[in-house]
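Novice: Got a structure for you, written out below as structure tokens; questions coming shortly.
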Amino acid sequence: SRIAFGSLSKIAVRRNSLKMFRLAVLLGLVAFCAAKLPIDHCCSAEDRNIVQEQWQTLWKDTESSRVKMAFGRNLLLKLAELNPAVKGLFANVDIDNPTGGKFNAHAFRILNGIDMTINLLKDPEGLDAALDHLADQHAVRSGVTKAQFRSMGAILSDALPRVLDDYNSLSWKSCFKLILTQIASKLSD
Amino acid sequence: MKTAIVLVLAALVACASASGCDSLARLKVKGQWSRAYSSGSDRENFVIALWRAFFAQAPEAVSLFSNVGNGDSSSGLFRAHGERVISGLDAAINLLDQPETLKAELDHLQEQHEPRNIPAKYFTVFRTALGNVLPAQLGRCYDKEAWKACFDVIAAGIQGQ
């Protein structure tokens, strides 16, 4: 009976250590994927490297300000085209005159916001604080919805490969999912 | 004789203002900025150095940043804020050669700064901080006069002058 008891306890220990192992793997995955987001959208360290490197190719030139403006304008106008309610949200930055100073400056700011978050990707704590601030800035604008951010995600997935020679769609999608989800986190659907 | 002196003086004044933030100085500042500002963690280090140079001159100014981590670069909250502010400066510098859009951006920055009642001296402190950190990034290419003149254009716009 002593032998039987011994082998039973061995099995119990094995089962326990298997459970512990599973738990450790799970905890590791959760930590790796920043806990808040579904596990299939990691934006891993390597994804962040890729996104930063590919994004950087757009800004080699001193005239990148004009690229920023044109790209930002394009994104916002497309968003307004696909979501008619959006147009009114940008009335105070003169969306009706999209090549004027006011809208240009706004387009530049939006792109600089995206640029800032991409450049903070390797500083999770700084990124988190920056995204939280952007979430607050959008939460006070009534009429802005999560659906509009999903639409922006789709517009970016379509637009980025058209301006970037090298575009790793999985890395970009997972990192933009993280960025846009957090900016939209204080909005309603 | 008097007329001649006045003419010479007027010419000197014209010369001095022409060497201020003119269109060539603006192009130069833009080019130097894009090199110094860099990207990724280099950019973050640059931004942190800039704020350290700022607070080294004016330690009491941390009170202006009490809701964003008190100027402490070990806080993510302050790193994000520091990046945000410099991103506004980046916009203004990049738009220096596009007057209509520059005006719109400076108006926007003025609206953001107005309720905070920031004493004018801190704009000078910030200019000095740039003067400390930019040469470290740019070496001998740093053009002190062009930066001083163009920074003053931006600072005046943010202060609504």
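Even glycines carry a Cβ here, placed using N, Cα and C.
These came from TrEMBL, pasted as-is:
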type: SIGNAL; residues: B:1-18; note: signal peptide
type: DOMAIN; residues: B:20-161; note: domain 'Globin'
type: DISULFID; residues: B:CYS21-B:CYS150; note: disulfide bond
type: BINDING; residues: B:HIS113; note: heme b binding site
Novice: Roughly how many Å lie between the Cα atoms of B:CYS21 (disulfide bond) and B:HIS113 (heme b binding site), rounded to a whole value?
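Specialist: Approximately 23 Å lies between the Cα of B:CYS21 (disulfide bond) and that of B:HIS113 (heme b binding site).
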Novice: For the disulfide-bonded residues B:CYS21, B:CYS150, which one has its C-beta crowded by the most other C-beta atoms within 10 angstroms?
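Specialist: Answer by Cβ density within 10 Å: B:CYS150.
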Novice: Restricting attention to the domain 'Globin' (B:20-161), give the mean pLDDT.
Specialist: 96
Novice: For B:HIS113 (heme b binding site), what residues in its own chain, 6 or more apart in sequence, show a Cβ-Cβ distance under 8 Å?
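Specialist: Once residues fewer than 6 apart are set aside, B:HIS113 (heme b binding site) is near B:ILE158, B:GLN159.
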